[in-house]
Every structure is written in structure tokens, then in C-alpha cells.
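Student: Sharing a structure, written as C-alpha cells. Questions coming.
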């Protein structure tokens, strides 16, 4: 029996009025059992069958919507105690109009697209994002109701803050006034179509009473003594983890008789505690500078052979350019390690000032120990190979490109995913995130305007990108102004109003346009996308002050903006030519005169969570795999690259399955036909770093840049060393996020093939070389690699 026939026979008779009946029934219906059986039948096919994947997702949505309130009246009755007062009152006041909006959405293409995103998308939405009641038979918020809740929250903030109301009115293009429902409908259109994708905290908590909407926090406490250390871990960090967010923690100042490993175990234990029976995982990343006397103990904390290793902790190191310069000159020379109690200025300084202080301390004999530079480098690389981390930051790049002078209070750490660059000081830095789904910006050339050979040819629409960025600025600022603050330090840090707007689906855009990831056309489009995004975000933020009468962010008077300078102008030789120079000049002059609402704008974060929901490639990365598997809270699910399989010709499917979707191993003519679907492991990582450098001037925070390496490349430490040195020479802020290694294993050899006629996976080429199967990003990366739902 075909999938279509199965659905018609077993599901066709389910009446529409059954929707919502399970809210009170509390038992599995015949429809649910039938649908679940079909899902189980489809799940073995979803890795390569786009229709099976879409059908499994639609069925899961149907099962779960039977557990959702059927009307907004029911919704308020169930979730009234959870919603904030303003949001609840707004829904009650506009209940009919909102109901009409939701009904229209369920008839729209946007809703169809959401249903067709596949099984993993449907599972992720209900497992992670929507509200639910407690108990053994929970009632769930529907996906449409979730988007409505967030949109209503944004509208409430617009009504409360004049500058946001002005921006909403400007976006809707109403010169005089705009109704509150018009704001909801406008924002809802972008969120529900997943053109603008909000970070997990926003989707889960916007509109909820006391909702904490920031994604990550950064702490830079003094840990010079035991009371200071305990205060940092329990007074500062614990409330942040309790708020279901990620934390970046600088431990470079750790200096007393205890070992850093004991301190890290305390952090690890807290993360483990807060993740116990927690729907949304939290995480913490500890950062240390490379000159610290306990750096080797720090790097050993996650090694698999360490019986006391910190399973739940992530790590990062901040390296001064001095280390790389000395290594390039003579790797056999000594690298000196210091106790921060005797070398406190090394934490505060960067650049020439750091170099001078380091040399002074060496001459004065203030060091604790020393080791050859090559030994320090090997220790770092050994840890990377075994654990996939620590993240690697370049201290000078973090500070030289910051929006204000940081000499004397240098930045030396980041957030949980190493894409946020802020100066915590005595406050707590805050990450407020969203991302633009770039494939939603693709448009088709109208056949009436061009010849038939160009009909249906896609192009990237920068106007659509600009509109989405403006909506993201509105949504994030609504969350900044309307979110709760777990600690006083967060409230102070939020005054900088730092945003992090990222992207997802860049690889899908290139593939749809027929570009290989490293083609010249891709490189140009990549850079232009980020220049356009940065300009639009800065201009919109400025207009919140200029036209909306908003107050500039705290500290703008001493920022580069007050001098009319932009982030890209701190990069030597950079010319922003996609946006005409006279527009940059006029904008800079106006900002210097009137101010700007936000301090930071773009960040390239890993979009693991929201990319699973949309089905597009994560962040700016090339495709991980064309067939992969994903472990959810309950099961392991095959995940297809939908963009790839939509392009696969029916006659080629047998070959695709035989080679596990690995284009690099296809026969020559198939390899050429599908060359734009090579994976990240097939591209030169040095060239991927070059691409990161090309977009870096327009990413004023940083980029979570991972290395994607085949296993044979990490057998020699020199390859990783050369990658780190290349990133240093390029001047990147984040040299490495994770080191993902493609191991020599095959998913195809293990998977159960639904079609008995499908060819078995041979596992080996004729010449005896290993034949890769479909790649599982979770298995390819180290065990430390998280599915970072904390940020996205």
C-alpha cells in the first residue's frame, strides 16, 4: 500500500471538528494511534524521501494539535495564569480579530510550509518551544498560538514605548497612526512565515509573566580569593542558569591555593543540576587566557581519560597575538605562565601594552613556570582533537574592533557559543538574539518580464532582506525593553542594548542559485548580505533615536559611533562599496550628531534549534550532510537535506542512496550535477576561514566558526596548528568554535532500508579506500559538541 493510499484509507475520514477534542479527553484516540503507526512506517524513509518526511511532520502536527486549545477562549482559560497581564488583556480585548488572524494563517501558504518542514521540525516545535501545562496529560499551545503570543508581546511593547511604536508605524508605512492589531498582524506575518526566527527564550517566554528573553550572559568576575569565587559562582551565575540561559564565565582571575579543576567542577555540577528534567538545556562555558599558571589543568578538565572530567562544561581560551608571533618566529622559545595575583594587568591589557607588561614580568622573574611555545601549542591542539574544544579567541581582535576603547579593562571571553563580544566589567553582558532565514529572501524572476529561458529563475532579494532585518530590530528591542532581569548586573548590562542578528540557510541560498559554496558568486553575495544587514540594522537603530525620540544606549558618547565611525572602518583596508559610500557618510554624520539606540547589531551564531524547525542549513555553514540523523529527547530521527532532495532527479535517487548522499563519492557525472551540495567536510577549511574574514568587518560581534575536518586531517597536529595560525593572520575574533571531525563510519551500513530493492551500501571503493556514508553531525563532532538550543 502506498503512503498516499494509506493516508486516504486511514486518515481521510477524520472529521475537522475532532480538532481540540483531546484537550479534555486525556486519552489516545483511534486517530492518534493510526497516525502514530503511519509515522513509524514513514520514519525509516524520511532521510531520503521528501514526501514521507513532510507527511510524517504533518501527522505529528495533527496529533499534537488535538492536544491544543481549539479557540482563544480555551487558550486563555488554560494559560491565563502563565501569561503576562498586558498580553492577556490584549488577547481578551482583541480575541475575535486574533481568532480571524489565526484562521487566515491556517489557510495560508506559510502554514502549509510549516507543516511540510518535516518530522524533526514538528517534534522540535512541540518538545522545545510551545507552552504546555504540567502533569501526565499536558495541554500544549499550538504553533500558531505561539507566534501570536510573541507578536502580541511585541505589540504591547510598541504601545508602551514611543520609539518602538514609531518603528512599527514606519514599517507598516502608515504616516499618522497604526492600530494595535495592525502591529500584531505585521509582526506575526514575519514570525509565522519563519522569515524572522526568534531565539528559543523569546519563543518560549515572550508574553509570559516575568519572562526572561535573553539568550546568553557573560560574566567577568574577580576570583582572586575564595569568597570572590563563591560569590561569582552562586550569587552571580546560579540565577542566570536558573533563568534557563547560557553563561560565559571568565575564570582568568582565579588565584588562590585551590586548583582550577575544583572550581570547574562546581560550575559543571550547577549545569548538571539545572539540566535535570529541564525541557530547555542550559550551559556554561569557562574562559581562560593562555598565560595563566593553571592553563594546563584547565585544558585537562574535559579530556576523556580524566576520571573527574567535567561532562557538562564547555571551555574557551583567549590567546594574545604575542603568543602567535613568538611561535612563528621560534616555536622552541619559552612561554611564561603567571599567577593573576602577581600579574593582574595582563588581564586588563591587550596589544602593545600587553606585550610590554608580559616582557616586564618575565624580566622581573614574576612567572610561576614556563614551557616551550610548541609544547603549549601541542597541549592546546591535543585537547581540541580529543574534545572538539576549547573555543579559541584572539584577544587583540576582540578589543581592537569593539565599539569603545577597552584598554585597561580588556575583553577576554565570550558567551556559550563564542559569537558574542561584549565587555561585562562589573555588570553582566547580555545577548539578545534572532536570525534571518535567508532562503525566504529568494524571489523568482517573472516570466513576463524576461525571456522564457529565465522564467522561474531565482534571485536574492535585498529588499526582502532589509525588511526582515528591520522587523528583527523591532522584535529584539521589544525583548530588551520588555524582558525581565534575573540579577541587577543583567539590568545594568542591558542598558547597552546589544543585539545579535544572525542568519540561517546561507548554503541553501547558494544551492538554489546554482552556486557552489566557494564559488566567486557565492563569496560576493555572502559579503553583500552582511554589509546590507549591518547597514540596515544600524540605520534602523539610529532612526529609533532620530525619528522615534528614543534615548541612545548607555555609553554611546564614548563610542566609535559618536565619532561617526562604523565597525567595518576598524578593519584596515576595508571598503564598504555595496552600500554607496555617500549613504555611509551621511548616516555616520547623523549618528554622531543625534545618537543611536543599540550598541551592537550582527552576530553569526549557531542556529541549531531554529534550523531544525525551518529545515534549512545552520547559520553560514555549508551543508553538514545530505542525509544525517538527529537525536531528540525521545528518539533518533533521520534528517534529509530537503533542498538537496528537491533537486534530485527520480532516476538518480538510487545512486544517492547507494552513496549515502555523499556527493564527493558519486560517479563523475552525478558528482558534477550535484556539486553545489558538497558538504562542509569536502571544502578546504582554510578557504572557509577566508570567507569568515570577508564578512567579518560587517559582523560587529563575532562568528561561531567551526572547523569541519576529515579524520585523516587531525592525525597530524600540524594541520590544526596551521588552521589556528591562519585564523590569527586573518585577524578573526573567534578563530575556532568547534572542531567537528568526520569519522570513518557509515550510517547507511546500519540503517534499515524500507525498500528491499535498494542497493546495499558497499562501504568500500574498488581501490579499498573508505566510502563515506551519510554523515551524522552529532557523531562527527566530538562528544562535547552541544546542540545549542541555548542561543537559537
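Note that Cβ sites are derived from N, Cα and C of the backbone, with glycine treated the same way.
What you are looking at is a predicted structure, and each value in this text was computed from that prediction instead of being measured.
Below are the features listed in Swiss-Prot for this protein:
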type	residues	note
ACT_SITE	415	active site, proton acceptor
ACT_SITE	417	active site, cysteine radical intermediate
ACT_SITE	419	active site, proton acceptor
BINDING	200, 215, 216, 246, 415, 416, 417, 418, 419, 606, 607, 608, 609, 610	substrate binding site
REGION	758-781	region 'Disordered'
SITE	216	site 'Important for hydrogen atom transfer'
SITE	431	site 'Important for hydrogen atom transfer'
SITE	737	site 'Important for electron transfer'
SITE	738	site 'Important for electron transfer'
SITE	788	site 'Interacts with thioredoxin/glutaredoxin'
SITE	791	site 'Interacts with thioredoxin/glutaredoxin'
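I would like each feature placed in context: is it buried or exposed, what are its neighbours, and how far apart are things?
Tutor: There are 35 other CB atoms within 10 A of the CB of residue 415 (active site, proton acceptor), with all protein chains counted.
Under the three-state DSSP scheme, residue 417 (active site, cysteine radical intermediate) falls in the coil class.
Every protein chain considered, the tally of other Cβ atoms within 10 Å of the Cβ of residue 419 (active site, proton acceptor) stands at 29.
Of all Cβ atoms in the shown protein chains, 32 besides its own fall within 10 Å of the Cβ of residue 216 (substrate binding site).
Taking a C-beta cut-off of under 8 Å and a sequence gap of six or more, residue 737 (site 'Important for electron transfer') has these contacts in its own chain: 391, 417, 418, 419, 606, 703, 704, 705, 706.
Of all Cβ atoms in the protein chains displayed, 26 besides its own lie within 10 Å of the Cβ of residue 738 (site 'Important for electron transfer').
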Student: Quick one: give me the count of other CB atoms within 10 A of the CB of residue 431 (site 'Important for hydrogen atom transfer').
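Tutor: Cβ-Cβ neighbours of residue 431 (site 'Important for hydrogen atom transfer') within 10 Å number 31.
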Student: Report, in whole Å, the straight Cα-to-Cα distance of residue 609 (substrate binding site) from residue 431 (site 'Important for hydrogen atom transfer').
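Tutor: Per the Cα atoms, residue 431 (site 'Important for hydrogen atom transfer') and residue 609 (substrate binding site) stand 16 Å apart.
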Student: What is the total of other Cβ atoms whose distance to the Cβ of residue 200 (substrate binding site) is within 10 Å?
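Tutor: Looking across every protein chain shown, the total is 24.
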Student: Can you tell me how far the Cα of residue 738 (site 'Important for electron transfer') sits from the Cα of residue 415 (active site, proton acceptor), in Å?
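Tutor: Given the Cα positions, residue 738 (site 'Important for electron transfer') is 14 Å from residue 415 (active site, proton acceptor).
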Student: In whole Å, note down how far the CA of residue 609 (substrate binding site) lies from the CA of residue 415 (active site, proton acceptor).
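Tutor: Answer for this pair: 17 Å between alpha carbons.
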Student: Return the count of C-beta atoms lying within 10 angstroms of the C-beta of residue 607 (substrate binding site), excluding that atom itself.
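Tutor: For residue 607 (substrate binding site), the 10 Å Cβ neighbour count is 30.
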Student: In terms of DSSP three-state secondary structure, what is the assignment for residue 609 (substrate binding site)?
Tutor: helix
